[in-house]
Amino acid sequence: MAASELYTKYARVWIPDPEEVWKSAELLKDYKPGDKVLQLRLEEGKDLEYCLDPKTKELPPLRNPDILVGENDLTALSYLHEPAVLHNLKVRFIDSKLIYTYCGIVLVAINPYEQLPIYGEDIINAYSGQNMGDMDPHIFAVAEEAYKQMARDERNQSIIVSGESGAGKTVSAKYAMRYFATVSGSASEANVEEKVLASNPIMESIGNAKTTRNDNSSRFGKYIEIGFDKRYRIIGANMRTYLLEKSRVVFQAEEERNYHIFYQLCASAALPEFKTLRLGNANYFHYTKQGGSPVIDGVDDAKEMVNTRQACTLLGISDSYQMGIFRILAGILHLGNVEFASRDSDSCAIPPKHDPLTIFCDLMGVEYEEMAHWLCHRKLATATETYIKPISKLHAINARDALAKHIYANLFNWIVDHVNKALHSTVKQHSFIGVLDIYGFETFEINSFEQFCINYANEKLQQQFNMHVFKLEQEEYMKEQIPWTLIDFYDNQPCINLIEAKMGILDLLDEECKMPKGSDDTWAQKLYNTHLNKCALFEKPRLSNKAFIIKHFADKVEYQCEGFLEKNKDTVYEEQIKVLKSSKKFKLLPELFQDEEKVLSPTSATPSGRVPLSRTAVKPAKARPGQTSKEHKKTVGHQFRNSLHLLMETLNATTPHYVRCIKPNDFKFPFTFDEKRAVQQLRACGVLETIRISAAGFPSRWTYQEFFSRYRVLMKQRDVLGDRKQTCKNVLEKLILDKDKYQFGKTKIFFRAGQVAYLEKIRADKLRAACIRIQKTIRGWLMRKKYVRMRKAAITIQRYVRGYQARCYAKFLRRTRAAITIQKFQRMYVVRKRYQCMRDATIALQALLRGYMARNKYQMMLREHKSIIIQKHVRGWLARVHYRRTLKAIVYLQCCYRRMMAKRELKKLKIEARSVERYKKLHIGLENKIMQLQRKIDEQNKEYKSLLEKLNSLEITYSTETERLRSDVERLRMSEEEAKNATNRVLSLQEEIAKLRKELHQTQSEKKTIEEWADKYKHETEQLVSELKDQNTLLKTEKEELNRRIHDQAKEITEAMEKKLVEETKQLELDLNDERLRYQNLLNEFSRLEERYDDLKDEMNLMASIPKPGHKRTDSTHSSNESEYTFSSEITEAEDLPLRMEEPSEKKAPLDMSLFLKLQKRVTELEQEKQSLQDELDRKEEQALRAKAKEEERPPIRGAELEYESLKRQELESENKKLKNELNELQKALTETRSPEVTAPGAPAYRVLLDQLTSVSEELEVRKEEVLILRSQLVSQKEAIQPKEDKNTMTDSTILLEDVQKMKDKGEIAQAYIGLKETNRQSPQDYHMLNEDGELWLVYEGLKQANRLLESQLQSQKKSHENELESLRGEIQSLKEENNRQQQLLAQNLQLPPEARIEASLQHEITRLTNENLDLMEQLEKQDKTVRKLKKQLKVFAKKIGELEVGQMENISPGQIIDEPIRPVNIPRKEKDFQGMLEYKKEDEQKLVKNLILELKPRGVAVNLIPGLPAYILFMCVRHADYLNDDQKVRSLLTSTINGIKKVLKKRGDDFETVSFWLSNTCRFLHCLKQYSGEEGFMKHNTPRQNEHCLTNFDLAEYRQVLSDLAIQIYQQLVRVLENILQPMIVSGMLEHETIQGVSGVKPTGLRKRTSSIADEGTYTLDSIIRQLNSFHSVMCQHGMDPELIKQVVKQMFYIIGAVTLNNLLLRKDMCSWSKGMQIRYNVSQLEEWLRDKNLMNSGAKETLEPLIQAAQLLQVKKKTDEDAEAICSMCNALTTAQIVKVLNLYTPVNEFEERVLVSFIRTIQLRLRDRKDSPQLLMDAKHIFPVTFPFNPSSLALETIQIPASLGLGFISRV
């Protein structure tokens, strides 16, 4: 194809750029051959002229179409070159956040420097079992491909992980190993996969360090072989290491660290166990402080130390060995602090008692003097003598560092060896997968010996890689049978020869090391002389004579010769090693140097446990017997070359898989892409070489169907033939004229580079032309439609406007005429109204005014009259009050004054009384004065009496005179008042007349004023009314608004409450479902463990039955039962059996060891449980004895006994009255008719007797109930009497429950016996006095007999209790003996060899478990017998009571009642109708289970018979056993039924019909047990006849729970069967198949095999899924499954479909497009239509598809603006944030008309969703099973109508 056809206007090209490496530009005009300049425009809009190279005239590389950008496989790009690869990686990494990309067979992994959620177990499960090209690129896809090829091709595999330091090699290798550990599991329970993963932290701590480029850089290479057995389960692992960077132990560059383990030790120095190491801060030691960066951000060294120690423990490195390792590491740190003092230029010395050296010697257990001596001296041996020569300070420091490096290297190898021993397996290894984590190509400013070895290893790996890529490419061409020529590719064999061939660089280096005076300079000269100008790949720097340059495959590297010899020799003085070997206190130290005498390379030892496949040519390096110390002096280069050759042999014998890790930037910024650094690594790691090889051939491959689907638009109808292959050939010959640009293979079309882009261009042009034509036509049609619509609208508008105007004019005229008429009448009305109002107002005012004046006058006169009366009374009252107040004040003043004078006198008297002289004066003549005073008092008394009499007479005279005067005064005052009143009245009347005249004039003058005011008031009133009306209207509107708001608020509150209630209800339902799910998961785990136990038992039986190789014939039924279940792996047990026979020595080892460990653990648990039960039994016996003693000591309680006696007396009296009445009736009936027919059936007497018997039987039942009530009352009295400390004697121990219950029953019997005995102590006379007939005496005698019976039962119960105690003591003794025997057996087993020990332990365990089972069965039988015995005793007791009551009647009337009529009544009447019960013999039970369960074919039963027939038959058998009161038969039948169902499901558990059939029948059986249980809640829908069929004797609630659990297990098994059937269909039918043909175009694929999106033959479609759903639904309906259960199954099916589809969509970039979203929505709509057809829309199945529906909508909606983001956030509420972002990142346009999602839009989505609280998990849990419920569904089928068909073979069952 000519360049002029491709380099046209608007074509896009890549041009070199110094900053971005490559820049995109667009051609501004077509290129013509001969042009020297291209007119380009850059993306930022800048125009430039690009000059072509005048020599090569090479055009810039073309850019791929946008639809190819972001491809999963770089080889799918049409233009394969460096800028296309770089741009594709950048777009995927930056825009889509995808770190993995395929490049042919290589997985390119870019380090994101951020933790991504793409390595969880859900992702592992999603990739497990998938083809490599079906899912997005991932390290798990590479691991799955390796695992699948190992299993399919039976060939060992290798995963080669390479890259720069910091590119993520170690993490990638770690995830690959995690994938193998998760997917394969281990062959035993020893957790080998955990040990394999646990080796990582150990190796990282001792082999990783911080560098300037990586915080956790691996400083060694490692190759881990993960071993698998024949079932491809991990059995062990082996590790080989390469080229440990020992120089880091003694030197670190700036900003770097030593190995992690040293800093972990220093961080843990404060631990007690590390005190002896005398460590400190890392800055204290010379070997850890040189880099100046002892701390890594975000890393806790102390915590990492804990992880390292835990990993060591898990791998079997004991604590003593761990402390030994830490001692050696601490010794290395202290050794680094040893300092030397120069004596002269040739000698030095260590200061005496140097602390670091003292600590080192103490830790190593060596002598201080010897070590100090040999650190400063060396031994020189000649042919004759041996010299000890001192060394200089510089040499001593170098020797010290060399010793430290040597110790660390040996310790490293020792740890690796012990890790390998821990990972080694004794089982024969069938195959392995190797994971190579090795350093990538390195080039620094200063490159030394380490970089030389690393680049040498990369040269070898690159050669192997190129050969493998070339071979795969040629194999593809040969497979497709197309002609091909040899592809020229870069062969780096010359570079490898330069390094390793004879007289190569390594040979010359080894030779120089052997020279006595060899140096780096002389070696450099030899290199120049040998290779300079002779080898094109070897150069000499211009300005240096101590360096050389090698042209590697990736780049030129300049190596500095300085240090090469020293590092290659790795010289360590032998005397120092001998000192360390002589350590006797420290046993680990000599072990490190033991292997030095062997030939094994320190980094390439192969453990003996791995046996390679026969086809491999891998030979482990083994020691030859003749080699000694000479071989010990192998150089490092020689050792590395040998180990590298061994590695290459291993890799060549395996199928390699390549992972190239890329470091995106040097600053460890997350998701930041540096193009320069990326290009360097892409060139170095061989990715571009892969692209070049692919581009040299036919890089683009299409199947014929994919090509036809994609480019169907380029074909005409006549070109389309029935043969797709011929059609494609015809079209291609027309489209591409150069036939060399493509080739036709058998199944694919191969295109050269650029041809797909050309075809895409033609396709896009045709689509564009078609779009333009469609747009032109559509736009014209739309405009015509718009014009016609506008014209029609305009005419219609004009017509309506003109009509409207005419109507408006006519309306105006009518309104004008009406207005004039209205005005005339209105004006007249207003004038008349105004006149009437004025007249009415005047009259009203006059009347009001006159009335007002008259009322005022009357009121004034009334007030004056009343005022005078009030004044009169008030003035009198005031005078009296003033008088009283004055009198009271005077009296009060007198009192106060007199009191004051008395107080003064009293004070004087008190003062005088205190004076002695006063007493003396008073004493003189006191008697005389007293006599005088006495006489004076008498005289005064006489005078007082006379004065008093005078005063009384005067008072009487004065009072009479006063009364007379007062009456005169009153009379005069009244006359005066009357005169005054008359005068005042006349004056007031005159004044009133004058005033009225004056007011009349005022009223007349004010009339006019009032009229004016009235008019004004009326006007204001009207105005006020209008304002009030307005305000009223406003208030009404406000009121309505408030009412509306109140209503809205109430509605909102109601809605909020309802919403809250709904949420709380949903939360409760979720909690209930979670609890139910946890319970059902436990049931699932229990069933799994049960199956595992059965399988182990079967395996043990199988191993026991095959003592030697050979075939042993077994019974057919036995073999079928024993081999019902096999492991779900690719090799079944039957296939594995011959392999076991071939390898008798190794056949039992893995399984037996795991089984032995499990059984040993189980034995320990059982012994502990037995001991705890024994202690509990002893404690219970002591409590029982104490309780018994207390009960004997306790005095009798009279109150309870008296209550009991009174109760019995009342009952006996009532019973006496009842019996007396009945007896009178009977006598009357017999005396009335004494004919012979009296006793005949049907006669009145006979009927009376029948009634009496009926009442007696009813009374018997009542008596039974009363006995039970009395017993419960006695028990409650007993519990009330007992002290509280005795209440805890009942425990939950299941072993002692029955014993304690028996004790309780005995206590009840004893209490009842005591009460009856006390009752019987009353005298017979008392009983005779109770009634006159003496009937109570008969009852009393009967009760005495009952007491005797109870007493005998008490004695028997006591004896049985003692016997049981004795048996329990014997059982305890036997348990003790068994315990001793177990311990002896364990001691004996420990002395036996491992195989015999395991076999003996297994045999013993089997015997012990069998004995225990037999003992438990015996105990169960004994307990059943005891229960039956007690029930029989209860029946006898009831019968005795009945006989006693009948005896009473016989004693009352011995001659009138005979026995003949009563005897036939006691015989139960034989039923003529079928009672819905089936009878079978006990020995036919197994036959019943076999015919009805084990050998029943579900299909025949479902088609021909009623649904649930087996369940009905089983229940009717249970009913009959219940009718017989045979608990043993009920238990046996139910147990056999459950076990039979489990057995048939185990045998045919992968058959959907079988599982569905037994799920339906189990549920029906469960519903029958509920429906006929007799519980009211389950009997609501029963008919009376069905209620008669209820169970009468047994409560089977516990068995209902067991059946419910069994139904749950069957349901879960049904879901697993559904999932296994649907799983292969879902992805193909829901995603890949084009249900709507032609919507989605197929994009080009790369070298990886990809699943076609077009349905080929054999692929599944949506119709396949719907047909399968129909099949499931019809089978469940035929089996009569409950509708609610069918809904739950359908919901689970739809959840599986939605989850698997969504998970696949999230992991497949090619499925995230607009057209695929349409396909998914159409497919979902078809599923919804299926739900509607089956009437299952309310099953909740549609809701499970909501995440998938929203994901499909997300693919189709617009994704540009903020409004779009808001719509997406509100729409996708069922998707998590991670899922939404993932879909947007994966969205890929299939056609160039679609647009990609911008990064800014995705960030907007993330910002809007940051507050959403949802799960960070990316994928849905496809294994999730919704909790199942079994709603009660009663059957309307009558049991008596069920017929048993003869085809079931149940002739031994009879109907009852």
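Cβ coordinates come from backbone N, Cα and C, glycine included.
A TrEMBL annotation is a machine prediction, not a hand-curated record.
TrEMBL assigns the feature region 'Disordered' to residues 1170-1199, out of the candidate ranges 990-1019, 1020-1049, 1170-1199. Checking TrEMBL for region 'Disordered' across the ranges 600-635, 1212-1247 points to 600-635. Fewest other C-beta atoms within 10 Å: among the binding-site residues G163, G166, G168, that description fits G166. Within 10 Å of its Cβ, the residue among the binding-site residues S165, T170 with the fewest other Cβ atoms is S165. The Cβ of A167 (ATP binding site) lies under 8 Å from the Cβ of A109, N111, G440, C661, I662, K663, Q681, each of these being in the same chain and 6 or more residues away along the sequence. The average per-residue pLDDT of the prediction over the domain 'Dilute' (1535-1811) is 86, rounded to a whole number. Within the same chain, residues at least six positions away from K169 (ATP binding site) with a Cβ under 8 Å of its Cβ are V161, S162, G163, S218, D437, I438, Y439, G440, C661.
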